[in-house]
Amino acid sequence: MKLKQLELCGFKSFPDKTTIPFPGGVSAVVGPNGCGKSNIVDAIQWVTGEQRARQLRGKSMEDVIFSGSKSRPPVNMAEVSITFANDNGSCPEEYRDFSEIMVTRRLFRSGERGYFINKQPCRLKDIQNLLMGSGIGAGTYAVIQQGNLGAITEAGPDERRIFIEEAAGITRYKARKKEAQSKIKSTRTNLLRVMDIITEVERNMSSLSRQAKKAERYKEYKKRIEKIDIALAALEFDRYTQRISETHRLLQELKDQEISHVTQLSKLDAAMEEIRQERASMAEDVNKKEIRCFELQRQVDRMEKDLQYAKTESSRLAQEAGELESQLAGLREKQERIVQDRNQCREDMEKAARDLEQTKALLTNDEQAVTGVRQNLARYKAALEEEKSRLTQLLGNEAKYSNIYQNAANTKQDIARRLRQLSEEVVRAGQREQETKRALADAEENLEGILEEAESVKGELVYIEQALEEKRAELGDQLRKVQTLDMERSKSKSQLSALKRMEGNMEWFQKGVREVVAWDQEANKEDSRILGVLADVVKPEPGYEEAVEAALGEALQFVIVKDKQTALDAMEHLAEAKKGRAGFMPVSWVDAGFTPGSLNHASSLLQHVEAADGCGHLIKSLLSDVLVAEDAQAAVELKNGYNDLTVVTKDGVVLVSPRGIVGGGQENSGPGILAQRQQLTQLEETIASLEEELETAKESQETLEKETRGLETDLQRMVEGLRDLGREEMEAQKEVSRLKEDTKLAARHHQIVISEQDQLMGEEDDAEEELSKYKGLVDEAVNEVQQAEEAVKQAAIQVEQAEAELDGFSEKTTDLRVEISALSARLDNQKETFVRLAEFEEENQKRLEYTEREAARRRSSSGQSSDKIEELESRLTDAYTELSQAKEALEKVEISRQQIENSLKESDAMQARIKNERESHREKVRDLELSQSQRKVRQEAVASRILEKLGRPLTQARNDEGLPDVSDPKLADEAAMEMDDLRQKIGRMGDVHLGAINEYEALQERYEFLTQQRDDLMHAIESLEKVIRKINRFTQKKFMETFQKVNEKLALVFPRLFHGGSAEIKLSEPDKPLETGVEFEIRPQGKKITRMSLLSGGEKALSAIAFVFAIFLIKPASFCLMDEIDAPLDDANVSRFNELLKLIGEKSQIVMVTHNKKSMEFADILYGITMENKGVSKVVSVNLEKAQEAA
């Protein structure tokens, strides 16, 4: 790369943009002192990557920014761009396609900075990589300054080696080696980290493995317990089912007999009631007739309303039928449009399919052509690879022969040194063997002490494990107790929630009651006319709920209203809405009731009932004439003394009223409203008690858990101690093994050293033979490499031509594939549209048929409504007639009163006999029902337990596979014993970490991943070490070759500059060619120099110039920048300097800053640096060749 142009802006004394073109040949920068000449050199150094401010003659990097003058303010940015002409392609491969390469560096006062290559942002490292190996850049030999000449001669061997490396072009490889070493270091660090993690993971895996196996056993036990529990529950459920069925049969027989008794008693009660009523209550019969008339009148009113509704409905149906017929016309028209769209879509689909097939045919033809081109390309590439392989082989041969030749030369020097070292190594090996034996004895003694301590710790560990096992069993029992209490609390809360939901939804009340309450809340939001339901204001004492419910009966569901009109409005609403029936209690109708006198063996039920605030008079009016007795016998006897009162037993089973005795039981009857309210209160108290008991149990559990954790901590501490001892034991064993191996190695090493002495004596003669043998082979290999490179170039041209042809076909086939994809997508869309239109057609047809049916149905319903109107008119006529007849019957009811008085005594005797028989059967029924209820509760408890435990019903769970056989009682007992044994095992297991299974699997996956990472890191280290060894071999070869060549050129250049004398460079450590420094020995003519510091300034300058010029003759840089290096030279030496400079200028571009007139005359072009304005530099150029031609 040649220096083409330099641009400065804001750099040091160049505040304005300044462009300096550099043609080929020698360019001289001249001007008075202090005008800014050296700033040109600094700018080139800065833009090529110099990072040392001191090297740029400043204290900080900010000093390179123009700091202002009297006439110019300071600028905020310095920017330098250097342009290289890429005429020889020596730059890195990624830039070889550019004819010019511009490198730019920018710095702001704020500290921001930027680097650019061809105006694209980059890193400083990218610029260094671009210039590396070219001799250009910071600290290279392309830039020579006056102040550095003495430094070259007085530099240390390592500093001087850098120049040889740059000339050899191995700085790029050394940078790669350094990068590889850095990667190895970081990779080793990562490997150590991964190994630490693997060790930790292995330790965790060991612990988790035990926990996972324990969890697996736990799950197996739980699964087996679940199977046994299901089987035993199913067996128990079936037993209850069988017993319930048998009891149900017995109950049915007794109930049939009860029905017979009830029927007989009912008949007797009816007959006796008729006699009593006919004797004193003719008015009641009259009332019945009035009620009958009232009901008939209501029927007439209802039928009149039904008739009016039927007429309205008939008219509506006729109108709807007309509207549906008008919709039919629109649906038929829409159906025709859908059919037309579907036909058009079918035609589009067929056209798209034809276009798709044509395009696919074109693609097939092009792909066949591509196949031919690819075959040619493959053939050309194969030929290219074959030539490259041949070239690689030849290069390998060349390198191999060169390496062998160089190695043979180095081997002769190494043999004598190695023989001297071997005798010393024998002595050291013997000493090493004695040291390892002493260390081995100490290590074995340490191992015995560790083993004794480990046995002691194991004894303590067994004691703690036993204590922990007992504590875990105790904790398991406490956990089960907590679970049982929690389940009971949850069950009670579930029942309480259900009862509260029923209470909130008024599910205890009749449909009519719920409807009336909702109606009032909606109609009278601000001022409700309904005060509540009677059941809400009654509060019986515990145990008297059944008695109150029996006494009040349906009155419990009476709605309490403010007045009679509210009751009438509510009844009218129920009748219109047909939402059931309801009873009402207007407050204005309530009287004070009857208050009985003193009672014997009985009490007023009112004494056992409380009422809500403001409702006491209601309850008193209903219950003031009700007595409560302990049993049925007492109730009947008490009735004989109080004929006008009602007597009810405490359990509510028997109620004796002035009209008769009512008793018995109802099948499948649940608890009453008041009983359920009492149950709700009891559940709340039960839940509070359970929560208190559960809290106490949890506190005990926490105490046990704390004690268990303490034991576990002790156990873990002991285990960790034992594990540490185990690790110490392993380390001690490893140390013993290692020391044993070291002893063997020391003895073996002594024998190897003696063998090497004999072997090296023969190798010295072999090295001399190889020197002469491989010299000819190296020359022959160089010629073959040149021929092979030409063949590779020709093959590469053929490959490029074939690839260009293939790219043309590829672009065309890509377009065809895109077109095929578009056609396929269009065809798919049309298919979807066709299907969608078919669906629309089917849906519209269904709507059409539905509308036709609806229109027909409404026409039919309209006709039916007409028939219903006729029927209602006929029924209304009959109702009028029946109403008239009822009124006539009411008038005649006064005629019949006295007929059956004589049969009353016979009926009483018969009634007493039947009641005795019925009471006996009833006792049996109560016992059986109680037994039946208990069995059902237990059966439901079995099913509920399985449902709560498994989340699925017993009927489903009993069909699971693998359930044990418990059909035989012996097998059932064995299964129960097995379940108890498994539960004891689970209890002894203590805490089980069920997540350990998944954690272990995840940890196993992580362990496999980490081991793979470890293998990859080790492979990476091995690969990097191979790269470093390869770089070492290459750089050693190139360094030694360049070193010899520089020495040869130095032997020619030095006498020309010094007019005699000699100079040479030597390796400071010849046996370490990769690390050795370079010594500089100078012998001016007629002088004996023992130290470089004894040279004069001019001699030092000439010596440094000779050294640099010798390098330029071997590896010329793209350009050579010299800053007043001719200043220390006299005229004679300047002339000799210029003669050599002319020789260097044939291959390199020269840019020099000088004050010397001879050097100016020697230059092809002069750049004058002036400072018209103080502090601001300006450039003026003069082309001397053109000036001479013009002259």
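Every residue, even glycine, has its Cβ placed from backbone N, Cα and C.
In TrEMBL, annotation is done automatically, which means it is predicted and not curated.
What TrEMBL says about this protein:
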BINDING   Pro32, Asn33, Gly34, Cys35, Gly36, Lys37, Ser38, Asn39  ATP binding site
COILED    170-485  coiled coil
COILED    673-819  coiled coil
COILED    993-1027  coiled coil
DOMAIN    528-639  domain 'SMC hinge'
REGION    851-870  region 'Disordered'
Those residues of the chain, 6+ apart, with a Cβ under 8 Å from that of Ser38 (ATP binding site): Arg57, Asp1123, Glu1124, Val1153
Please give me the CB contact count at 10 A for Gly36 (ATP binding site), counting all chains in the structure. 25
Going by DSSP, how much of the region 'Disordered' (851-870) is helix, how much is strand and how much is coil, in residues? 20 helix, 0 strand, 0 coil
I'd like to know which of these binding-site residues, Asn33, Asn39, is least surrounded, judged by other CB atoms within 10 A. Asn33
Quick one: among the binding-site residues Pro32, Gly34, Cys35, Lys37, which has the most Cβ atoms sitting within 10 Å of its own Cβ? Lys37
Can you work out the mean pLDDT of the predicted model over the domain 'SMC hinge' (528-639)? 73
Given the recorded ATP site (Pro32, Asn33, Gly34, Cys35, Gly36, Lys37, Ser38, Asn39), which additional residues of the same chain have their Cβ within 8 Å of the Cβ centre, ordered by sequence? Ser13, Gly31, Ile1169, Met1171, Ser1177
Helix, strand and coil residues within the domain 'SMC hinge' (528-639) as assigned by DSSP: 54 helix, 22 strand, 36 coil
